[in-house]
Amino acid sequence: MAKARVYELAKELGVDSKTVLEKLKDMGEFVKSASSTVEAPVVRRLKAAFPKDGGNDSRPSAKKSSTPKSGAPAAAKPAATPAAVAGATPATAAPSAPKPGQRSNTSAKPGAHNTRRNEQTPRPGQNGGQRGATARPHAPGKPGANAGGTRNGGKAAPTPHAPQHGGNRGGSNNAPKPGANAAQHAPRPGNNPFSRKQGMHTPTPGDIPRPHPMARPTVNNNERRGGGNGRPGQRGGFRPRPGQGGSGAPKPGSWGQHRQGAGSGGGRPGGNRFGGGNGGNNFQNNGPSNGPSRGGGRGRGGAAGAFGRQGGKSSKARKNRLAKRHEYEELKAPVIGGVRIPTGNGQTIRLRQGASLADLAEKINVNPAALVTVLFHLGEMATATQSLDESTFQILGEEIGWNIKIVSAEEEDKELLQQFDIDLESEELQEEADLKPRPPVVTVMGHVDHGKTRLLDTIRRTNVVAREAGGITQRIGAYQVTVDLEGEERKITFLDTPGHEAFTAMRARGAELTDIAILVVAADDGVMPQTVEAINHAQSAHVPIVVAVNKIDVPGANPEKVRGQLTEFGLVPEEYGGSTMFVDISAKQGTNVDKLLEAVLLTADAELDLRANPDMDARGATVEARLDKGRGAVATVLVQSGTLHIGDSIVAGTSYGRVRAMLDENGKHMKEALPSTPVQVLGLTSVPTAGDLFLVAPDDRAARQIAEKRQATERAAQLAKRRKVVSLEEFKKKFAESEIDMLNIVIKGDSSGSVEALEGSLMKIEVSDEVGIQVIHRGVGAITQNDVNLASVDKAVIIGFNVRPNRQVADLAEREGVEIKYYSVIYKAIEDIEASLKGMLKPEYEEVTTSHSEIREIFRSSKFGNIAGVMVLDGEVKRGTKARILRDGVTTFNDLEISSLRRFKDDVKSVTEGYEAGINLGNFNDIEIGDVIETFEMREIERK
């Protein structure tokens, strides 16, 4: 015998499957779903226990329906016979509505049941239709005050006291109340398997589940929307039983129940009211009604159609005009590469450097995948998040009708700072009352070995020259001195720039930071290449120049010659009618140095307005930066405006941090740095690049975010530069470059400016098209283990400029075979790298003739073939060398080899001039007497 399933037991017990599942769970039997099987012992226990708990909901109680409680003796009046109801007038057909305090369950007395059967009581088959027409007026005003017994299988049962505020709202006050007879003849639960009602409670309209939109076609559901909703005893939405008339059709003699303005189900008062009438019919309007019914319309209090189409017009049909216009524009958009993209009308779009297709798609409101397809259609392959260069964006913009502009790094950085409420332009516009005088910033420029550092030593009374490697300056030095001008102490900030040609960037940086430039020219050398370069830097920065003609005490000095040479570059002395001040000095002897300082201050007072606001946040530039072993990152900064304090959060390029300490050029601690003051700052997280502007951020968090966003921007820009459009010609060029031998170099230096200068000088070395230099890494600080590992993988050479590794790193480099070269003077490093490049060139060979031998006799051997008896005319014949045959001065055979060389019967390695020998040319036997055997070899020549 098959096991019973849960839904079968529910049908047998007359309850729903959910109730059975809950009961099984209470019994300790956990089943999964209604389709699960149940064991026979559990079935018996369920059937034995269920009538106690579920019988009240599934089986009616005849005793309760026939025996009223003692609290309602007047409740038997509404149980009048239908005949009396039919013969009465509308005003007197039924007693008045019960008062609030009466029970809603008006069961008849014991004798009322027989009386109703004798007076044409409708049969059980007609009970549902009668109840649908007469039960509605009895409904109370509150939704929860249902008539008793309607939830219990249609039988009348006592309910708690429910006051009926508002009386009978249906408009048929004379309709009889439902009696006990209607509940007496209801079918037993579970007898009819095809009935919708299997002993379960009759659901009220609020409990009836909405049908699925696809379950059946749309019907007239006014009984759910209008007055048919919420009335007890009404079975709106259920099909009538067989043998039963239409649910809204009145019985003979009962037309008085259907008043004007009320539907067959006793709808809301007033037939012309929205939603009134047709409470009892399902598919057609059988009852009279004054007002037209709105089939499918939502009545007052009805739901918005959560499960069907009863809720009125669908929200999907209510598309706004903007959405329709957007769809129309998309349909009008041209198809490019198989996708539709709305083209622009030449509008300008600004993108950052290193932007991707996703950034562009966000600007023009399209799908990034569509832009990838269009770019692929144009012959370019890129992902949505890949950084692209400006040329690629321009090609794409021309195709889709947009003018794409890549913003510069300065504009992008300005927009970044504005996000943190930092506006550099507005801070430059200071009020006159806030501006105070500041010292001038003077840069000393000129050719190498013309005495720039010696001049500063004389001014500062120091000896920096003695501490410099090679006697040349290789970094920018910043100093501040106090001079006496007409009894007044004045401060001057000096920047000492290198004069070597490798430090062009440093000189340009010094010219941008300075107020006045001192051009030092040696009286014996005159104008030199770096002198001209310094003049160009100063003039491009619009900086006034004071010329110091140095070394006037050296024999052969000619200051007038220097003045004449400088007039060619626009520097005309005042004595010649110009505006440039010339001072003849001797830095070594200290001659006229005070006059030079006086000229600098006069120029500053006459031509410049040197004022700044010391009360604002500090702004300035990074002059130099290095990595100190004990202090970490140390940056030499020049404060241009504001005051820098200890504890300020600063950002310098991609580096950030908090000022932990400040030192002057002499190593003394400072608490604050005023405008035009050079100071060494400690506390940065990394070494900034020389020339980066620094500023004070509101807090540490803002400083870190600014630095990180700058790092991301630089990284994206670098990735965009690496990706370039490769045409066929460029591909051939790249393929040719792949055959070039590259010298990989790792550069480590003591300061960022020195590393920058060394890298720039090395990249300018040009030896040949066959070799090149590639700097795979550069950094500031000592040589570390990571540098050695990187050089080992890429077979690179490490150059340490004024830095050295520790013992462990040196041992690792020796084990890995990594070469480390140490330099303290930049031009020595350049010379060695240039020599290394020349050594990497492929060797070139030239042919050198070594001897001539004349054949005078031919010996024939069955084992060795023909053997030539020769006389060595010149040079030296060696065994294994290349040879050729000359017959009558014409080369007849080439690429021969002397395989055997004998003198008499002995094998020899070589035979010199004037001796006879026997020569065997291997398998070659076509020789004649009188031929000349010429030997030669390929010798390597030096590449220059």
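Yeah, the Cβs are placed from backbone N, Cα and C, and that goes for glycine too.
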Check each of the ranges 426-429, 550-553, 686-689 against Swiss-Prot and return the one annotated as region 'G4'.
550-553
If Swiss-Prot is the reference, give me the range from 471-475, 666-670, 676-680, 906-910 marked as region 'G2'.
471-475
Per Swiss-Prot, which of 496-499, 708-711 is region 'G3'?
496-499
Annotated range (Swiss-Prot: region 'G1') out of 446-453, 558-565:
446-453
Need one number: mean pLDDT over the domain 'tr-type G' (437-609).
81
Using a 10 Å radius around each Cβ and counting other Cβ atoms from all shown chains, which of the binding-site residues Asp449, Lys452 yields the largest count?
Lys452
So if I draw a 10 Å sphere around the Cβ of Ile552 (GTP binding site), how many other Cβ atoms end up inside it?
19
Which state, by DSSP, holds Gly446 (GTP binding site): helix, strand or coil?
strand
